Structure formats: structure tokens, C-alpha cells
Amino acid sequence: MDHTQENEILIATQTYCVERPIYSYPALHGKLHKKDKVSDPIGDKIKRALSCTPKKIRNIIYMFLPICKWLPAYKPREYVFGDFVSGISTGVLHLPQGLAFAMLAAVPPVFGLYSSFYPVILYCFFGTSRHVSIGPFAVISLMIGGVAVRLVPDDMYVGGGGANSTNGTEERDAMRVKVAMSVTLLSGIIQFCLGVLRFGFVAIYLTEPLVRGFTTAAAVHVFTSMLKYLFGVKTKRHSGPFSVVYSTLAVIANVKKLNICSLVVGLMCFALLLGGKEFNERFKNKLPAPIPLEIVAVIIGTGISAGFNLEESYKVDVVGSLPLGLLAPATPDSSLFHLVYVDAIAIAIVGFSVTISMAKIFAVKHGYQVDGNQELIALGICNSIGSLFQTFSISCSLSRSLVQESTGGNTQLAGCLASLLILLVILAIGFLFESLPQTIWLTTFVSSLFLGLDYGLITAVIIALMTVIYRTQSPTYTVLGQLPNTDVYIDIDAYEEVKEHAGIKIFQINAPIYYANSDLYNNALRRKTGVNPALIMAARRKALKKHAKELGTQGKPKSSVVKVDEDAETGGEEEAKQEEQNEENAKPMTIDSLVQKTFPAELERFLPPGPNVHTMILDFSQVNFIDSVGVKTVSGILKEYGDVGIYVYLAACSAQVVNDLTRNRFFENPCVKELLFHSIHDAVLGAKVREALAQQEALAPPPEEDSEPIADPEE
């Protein structure tokens, strides 16, 4: 029997006996005395709130202008190349998407270029995400187009053919631009006000199932609205209920009038984009950056159209005039606000939802934080100020954001470079794309769809807001301690008699853990217990630097610096070698394999003083269910705390919670079940026994190896 099995048997056979009266609620509270909580006078609170210190001013500037925080810390040697490649790659994608999404917004194509320039520059100053690509987005553009077509239908200005028809089209487009600018300004004002009022918390309602349900329907709307450009037929644009059915039937009714040349060009570009996507995916590890097939399709399509004069010879619709230069600022028509305010609210919420969802994904991946309230303010500024320069509502584009991040982008300077490429098109070379066939629009959209159109959601937000109960979204979080000589654990802040166990933190939530409060649960755990794995990791990195610096001042070689397992200190990167993973899998599975203990003891003196916590106990006695998002959150907590050498136990789980955990593959690693305890007291005693055994093992002399007799050389 090995040492590990002996410890397991020893732990399993440990018993405890507690003698105490049966406590009813009155009897228990008769033995307790409430702590006297002294609150600060109102005058002191007001004085503290209105005080003006350099630190407070600096924090306000950092909060409102995040660029003031990250730009001085910019590392040119590490970031410049990645930002340059990312900016070029994103910029060439901005061009076809800007032109395409302007058509979805029912405005002339050049306004898509304006929307790809001004908001990107503004977001660089006010946004908190380093990787999202701000600009036109298909779902937002479709919503803008729906408003414009509803208020300015085709038959209002466009009549018969000839010069009157041309003038009517120009008047119609000018009026639709006014509508789009008004909606954009109003949605920007709404977003800015929501940000100032700290309404960024609505991001927690953006669950993956809700988002995908809405955006799948939105993708169908976009697809059907672009069919007429692929087939080259003239149909009326529809909006409102059943617009998908009406648009599809209109195309079918005019299928006899389809333009074969337009269809052939569209299918050729479609094949190019899909084939190129597969090529990029297959050789992504060998290519320094994905091949920008969208701009290749644009160049080829424009060349074919101009070379064969498709507009005159085969009646293929082209982009048309792209006037050079920037337009002078103009004030949107506020008299339209009463007609578009409902749409503006929906666009404001959906635009923010798209951006914060993508920003959170990249923030988690790259280890920084995004502020939902500041994102609302940033989008509000981009839309409200942008509307003065004839831009329509913008948001984060999934496909462009993936390109900006995957090609090495580190900061929003990559976005600024992309916007400068668009400025070059606006000021100098826009006329080169006037012969571009409109069927490019569908293929550009479909390529974005295949990359994954994952965000957008108004119906989901409404449903979530109606179904989530406030009490479960904002539960009470409590740190528990033990009533001495009992197995009773109650609020440590409420009673004087309650004491904490050294090295153990017990955290309780009085609500289920699900999508609406999982992020809040994680944040509250760190805040209430005072144990933050990210801060511990940062302190350890600083300790390593101090250790290296100390050795340098003593003249010792760098080889004397204590080495630390990088994979353990960084939480285990995906780039860990396969051989190391195989070796790890070959070891016997125990709960100790879930916790990394790689920080050398000789470096402890470099760490700042703080609580020496070895175990976190999550009290689930008041958790009646946990969904898939909550399970992922708890799994992340086990991983994060385990990476800094802290065990996480789950106590008092109900049968329903255990079933939820099992169904969501929480116990995929069998040894995770050893982290569950019947009660808080069982978990506390289990942690103490574990630490006692660990100390005994550390103090035990190393086993002596059997020495073999030295062979006689003469034998």
C-alpha cells in the first residue's frame, strides 16, 4: 500500500464528535450579541465624495479616457509589428464591409466608408477593449435600413423612368440619410446616458443561447434582403413583420427577369471566398496572416466589371458614384426623433450587446478587463459625434474583430491604422471602386456569416429582463465563520463570537448560480474573501523580478535565479507540450493534481504581507440549482485558485445541484468529486487533516535508497 492510499484511508476514517444543544433560532440568537456598527456621519460621507485629490482625478481620467492608461504603457518592440499587420488586415476588410453594410442601411455606399472611419478613431480614445473592431455591423445596418425604408419607402420619391426617376432616387437617398443620421444621434445619446447612469450591468443577460437565437433570425433577414442583388432583379424593399416572407416572394415573382451575368459574377466571388476560407483554415499555422480574400474579390470583381463594361453591356448594377473627400459636419434632424425613438432604443441596446459580448471574450483570453459602463459611453460618443459627420450606427463586427485579434493586434492603434486606409479610399482612390458589381455585397456578407455571426440581440434582452428575478440576480454574499465548539457556521461580520479558521475562507451565496449572476458571484468571491488569484500571480511575478535583481546586485550569475514552472504560474497555457500532458495524464489522479504548488519557499520573503489561505470552501447549502454558465464559472474558480496553490471545496450540495454538475460534465475529471463535502464542518476538518498530513510529509526524512554492493574489480 503506497503513501497516497494510506492518506486517503486515514482521511476517510477520521471522525469527529460535537456535543451541543439543539439550537432553535431563538435559542441560538439568545447566546449571540449583535456587533455595534457605527456608520460615518452624513457630513463625512459628503465631504469624502466631493473631495478632490490627485489620485481621484487620475482615476477619473483613466476611467473616461482609457487611452491615457494604456498608451503610456505601450511597448513598441513587442506591439508595433503586430498592430501594423493587424491594422492592414482589418483595413482591407473594412472596405467591402463598409460598402456592403451601407446598402443594408439603405444609404449610398460612401456613407459606409464614413462609418468605417470616424467611429474607429473615437473608440480608440474612449473604448476599453483592445481587440474589437468598431464600425458597420450587418445586424445594426439592417435595423437602420428597416427604419429608413419604413419612413421613406421607394414609392414616395421614385416613379417612372427617365430623369425624373434619377432625381427621385437622389431625393429618396438624401431623405434616408437624414433618417439614418437622426436614429444614430438618438441611439448615441441613449447609450451615453445609460453609461453615465451605470447601466452596463445589462451585459450579464447576454447568454450564448439567447444571442444565437436572435442572430440566427437576423442572419436570415440579411440574407433574404440581399437576394435581389445576387439575381439582379428590381424589387421593393420590405420592412416590419413578415418582411422575410415578402422579400423572398418578391424575388421569386421576378425570377424570370434575373440577370444571368450578375448571378455568374456573384457565384464566382462566392466560390472564391468559400474556397479561400478553407485555404486559410487549412494553412493557418503556416501563413503569417490570413489572406484577405474579401479585398481580392473586390479587386477582381471591379476589374472584370470595368474591363467588360458590365453596367452598360449586361445591365449589371454597380456601386456607382463614390465622391472623393469628406463631407462638412451637419446637424441631424431632431424633428424625426419622435418617429424613431423606439428603434433608437433597440439599436442602442443591440449595439452595446454585440460589443460588450465580443470584448469580454477577448478580455478573458488576453488577461485584461473591460468596463461595460465605459463601453456604453464610448459607443454613445462614437454614434452621437459620428452622426454629425454623416455616419450611421456602428457596433463591433465579429469577422473584423477576429481578424484584428488573430493577426496579432495588441491595441486599438491597429484600428486607427485600419481607419487611415479607409481615409485613403475616401480622399484619393474611391473612384476606383465605382465599377464594383453589387453582387459582391451578398458574398461579402456570406463570408462574414461563415466566420460566425454570433452577436446581436434585442428579443433576447427583453425576454431575459422579463424572466430573471432581481433577487437571484443580486443575491447576498456572506463570509462564514465557526461558532466555537460547534459545527455551526454563520456570518463573520454579524456576531462577535464567530471566528474564522486560519488559512480557510468559507463563502456563501443565498441564490442559485446561473447566467444572470455567475460573473457577480466570481467577483464577490474575490472581493469578500480578499483572496484574488490574479493579484497573487502578479505578486509572485514581482517576487521573481526582485529575486533576480537581488542576485544581480550581489554579482551572482543569472543561472542562480530560482526557476518557476511557467505553465503553472500562468494557469497552464494551451501551448504546453503534448509530451508534458501525456506524462501528467500517466500520474495517479488525486485532488493534489488539481492544485499547482510550484512557488519556491525561498521567494516567500519577497511577497507582500497578506492572508495565507490554503482552502476556499464554497457553501452551496442555499443553492437550489446551477446552470451551464454557472458550472463553467465554478470550474474556472477551481482552476484559477488551484493555479496559485489554493484548494477549493464545495460543501452541502443538494442532490439537484450534484445532478446539474454531473450533467454539465463538472466531474469529467473523477478526482473532482473528492472536493465535495457533506457539510461545511466536514470540509473544514478535511482541509485541516490534509494540511496536517502535508506538514508531516514535508518534515519526514527522505526515504533511503537501497545501496548495492560494490563489485570487486578482480571478479
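Backbone N, Cα and C define each Cβ position, glycine as well.
Automatic, uncurated: that is what TrEMBL annotation is.
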Per TrEMBL, the range holding transmembrane segment, considering 61-79, 213-231: 213-231
Proximity of the transmembrane segment (339-364) to the transmembrane segment (99-125), 3+ C-beta pairs under 8 angstroms: no
Averaging the per-residue pLDDT over the domain 'STAS' (494-687), what integer do you get? 76
